[in-house]
Structures are given as C-alpha cells and as structure tokens.
Amino acid sequence: MGFELNRFQGEVDEELVCPICSGVLEDPIQAPICEHAFCKSCITEWISRQPTCPVDRQIVTSPQLRQVPRIIRNLLSRLCITCDNAQYGCTRVLKLDALAAHLEECEHNPKRPLPCEQGCGLIIPKDELKDHNCIKELRALIHTQQQKLNEFQQEFTEQRFLLAEQRREMQLLKDFMRAMRISNPSMRAIADAMERDEVLRWSNSLQRARVTRWGGMISTPDEILQRMIKRTLTEMGCPPHILDDLMENCHERRWPPGLCSLETRQNNRRQYENYICKRVPGKQAVLVLSCDNPHMGEDMMVEPGLVMIFAHGIE
Amino acid sequence: MANIAAQRIKREFKEVIKSEEVAKCAIKLELLNDSYTELKGEIAGPPDTPYEGGNFVLEIRVPETYPFNPPKVRFITKIWHPNISSVTGAICLDILKDQWAAAMTLRTVLLSLQALLSAAEPDDPQDAVVARQYKENLEMFKLTAKHWTNVYAGGPFVNSDCDDKIKRLIDMGIEEHQARVALSSYNWVLERATEQLFS
C-alpha cells in the first residue's frame, strides 16, 4: 500500500499515485503493455483475484509485471515526505528514498528497541518501557527457561533409555554372530574374509612411513607408551578386531623369532629395509601389517602385524 | 475497516465533491458514518429519458476489501427499469459484479449507473416483468417509467390517467404502491391488475 498523499510537501503528480490504493506509489511496478503503474503489494493482491489490469482490464499475470522506468523512480525518490513517526513527535521531512534508512534509526519510533536501564538488561520496545517491570519479565524468562530445561531433561532420559536398549540389542547381535561363526564353517569363512577385507581397506588408507634409524627401536615399551599408541590407532580407524592383537605385538615378547631377542635382531638387521611400514600420525611408531608384508619370511612376521615404537628416526 | 479502503474512500469522496458533475448537479455523494463504510449517492435522471427530472437515491456500502471488491450499491428510490429490481432496488450491472476493476471509483460507479438509466440492457434483466414490457411494449414502458419517476423521484411528468386508475384500486382497499405495481405490471389494464390483486 502506498504512502498517504497528505504526508508529502507540495503537489504530487497524478502519475505517481497508485490507482488501487490512491496513495503515492510504494515499490512501484507496471503492467507490460498498457504500462499502468501500481504499488507492488496492491497489484499483487488484485491479480490474485483476477489477472487483469485494474485500469483497462487487459490480461496481466504476475510474472509479466515490470519495473517502472527510471524517470518514474527518480521522480518518486525526490518527493519530500514526513516521517512515519510524525505523530510521535518526529519532525523530519525527508526525500522518499531516504525514508527507509531514517526509519531504521528514528528515535521517535515507538517500537524502537531500548535496553532497560534499571538493571535487568532486557531489550524492550520504547513504548513498552514505561510499563516494564524487571522482576516480572525476568520471572517469565526464568519460567520459560525452566520449562525448556525440563523438556531437555525429559529428552535426555528418553535418549539414555534408547541408548541402553540399543546397546543391549547390539550385544545380542554380536553374540548371535559369534555363535553363527563358531557353529557354521561357511559363516566363519565369510566373516574371516570380511575382516581381512576391512584390514586391507584400512591399510590402503594409511600413508607409508620411512624408518631412517632402525637402531632407535624400543623393544620393551612401557604401559603409558602403549596406551598412547593404542588411542592413536583407535582414532585412525583401526578395525576393532585386530586392535588388541596389534597392541600385544608391540613388545618383543610377542615378536616373531627373527625379532624377539637382541641377538636375532642383530642377525636380521639387513632385512629391516624390506618391511613395508605405515605411519602412525604424530607418533614415533610404525605399523607393519602382515597383509602389506607377504614377502617377509615367517620368522620376521606375525598375524595380524606388528607395532614398532621408536625413540626417534621416523619420517 | 482496512486502511486502504478508508484512504481510497476519503480521496474518492473529495474527487466527487470537486467534480464537474456535482457542479452540474448530475451526481451527489454524502457520507453516512465516520468510518467511510456507508454513503448515500444521488444521480439525476439523464435528459431525454423517462427518468429526466428525477433524483434517484442510492445506498452505497463499502466492503472491508474495497477496492479489491466492488462497492455494494442499490437504489433506495423506487424505479421502473429492466436492470433494476422494482422491489428491492438491486442493480444488475457488470461493473458492480465480475467486471469491477480496482481503479474504478465511486464517481465512475455513479456515472455508470446514470448511463445505465440512459441505456437499459433488457437481455440481462434484473426485473423480468419490466424487461418484458420494455421489449414488447416500449411506449408502455416509457409511460410507466415516467410515472414512477414522477411519483418516487420527483419528476415533473404527471400522468392523470395512471393516477386515476391507482385511485380506483385504492378505493377498493388496495395499498397505493401495491396498486401501482400491479397496474404497471399489466400495462395499466385495470381489469387485469384487479384480477391479479384479488386472485
């Protein structure tokens, strides 16, 4: 709907008046052929009732409406209009194109948001400020938040229940799978193949590592070091069924005959370079997976692989 | 009332007041309340028609959704016209129905109604009795319309023949307007009107 005519200073040309609302064109738009201009909201409302030009009844549909010529827009933007908040004391007279910007910051706007200065800190529309009661507002706020809190609590309980339920079901499924695997040889073969594939996929996703100083190998890592490596492996997406075995194989007591003592290690030193190692990001350690190393002799490899922890020398 | 309707009516009211038709006394408009929802219109019967010299009062109701919907207009003054009900004053005029356009105003409505008085559309009647008379006996229609204009709209044409016949029926205990309707409907044949009234 357009701007009321009596808000303008001086005469407004008839051409700038919307034939529907009889106000000065707001957001003007025109019909394609007859070029009659209307406020956008007015003509949209009319076309929703019947698709004709309200002046000459030519067929017009919404997508056919066009922007009015620049000259019309310029003439409109030059008109001088009083502020919307004139009745609340604003005496400003502005160019029509500056009105929107002024309204944003007009201090006479009764709905202008202001902070309460009595200490509650809430932002209140100006016209509601005089009836504003901090305690009442804050109480209402607390009330709604309490309600929200209760809702969350309820949801939390619900979710916890669901989680427990799912955990139980998952365990049941696992048990069932284990039983199938034990009782049925073909199932066992399938499960084994799936696990092998999973290890292979994981291994392919890891980056190669290069050991520059094999002498830095720690053959008896302590508990803390082991836990740290284990956590990293979990974060790397290590398949759970090999995680424990891998971690067991980080200590010389579980290493293959060719590595399990200082003496055999000395003897087999030259074979180290043949290992294909994978990086353990951020750690001085490498993974030597048996699926990557079928070329190594049996006395140099164990299933499903080894973890070698170093003091230094990993790239 | 929606802001847009009030704004429009305010402006249209001024437009009518300032118009040359008002200056010539051809149309008149009067506000009946402060909310711009009810107005009284008046149009002069056009020259060279049976309505010449008469003043016809109209009831105008402005709907909430004006100007997206037309104003509701009807004749308060009784009139004998094919497109206007002689009973209720309801008007059959396309622009007051589906041919309404939002850019039309009360002034254009009043002028259109005046034009309707000059050019009846008997093929699109509101009053079937009047329309039949118009098509079958144009002279009789003109005479009746003139008489109604004289009686109800202050027209100058007095038809003593009509008045006499009405008086005869009144003497038989018939109410005046009822008598006039019956006589008008039966081409002023007293016997047939009487027959209809007493059947």
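Each position is counted from 1, following the chain as shown.
Placed from the backbone N, Cα and C atoms, the Cβ positions cover glycine too.
TrEMBL lists B:4-154 with the feature domain 'UBC core'. In the predicted structure, the domain 'UBC core' (B:4-154) carries a mean pLDDT of 91.
Under the DSSP three-state reduction, B:Cys92 (active site, glycyl thioester intermediate) is assigned to coil, being neither helix nor strand. Annotation source TrEMBL lists active site, glycyl thioester intermediate at B:Cys92.
Below 8 angstroms of C-beta separation, residues 78, 80, 86, 129, 133, 137, 140, 143-144, 147-148, 151 of the same chain, each at least six residues beyond the ends of the domain 'UBA' (B:161-199), sit close to that stretch. According to TrEMBL, the feature domain 'UBA' maps to B:161-199.
Other Cβ atoms within 10 Å of the Cβ of B:Cys92 (active site, glycyl thioester intermediate), summed over all protein chains shown, number 18. Taken through DSSP, the domain 'UBA' (B:161-199) splits into 30 helix, 0 strand, 9 coil.
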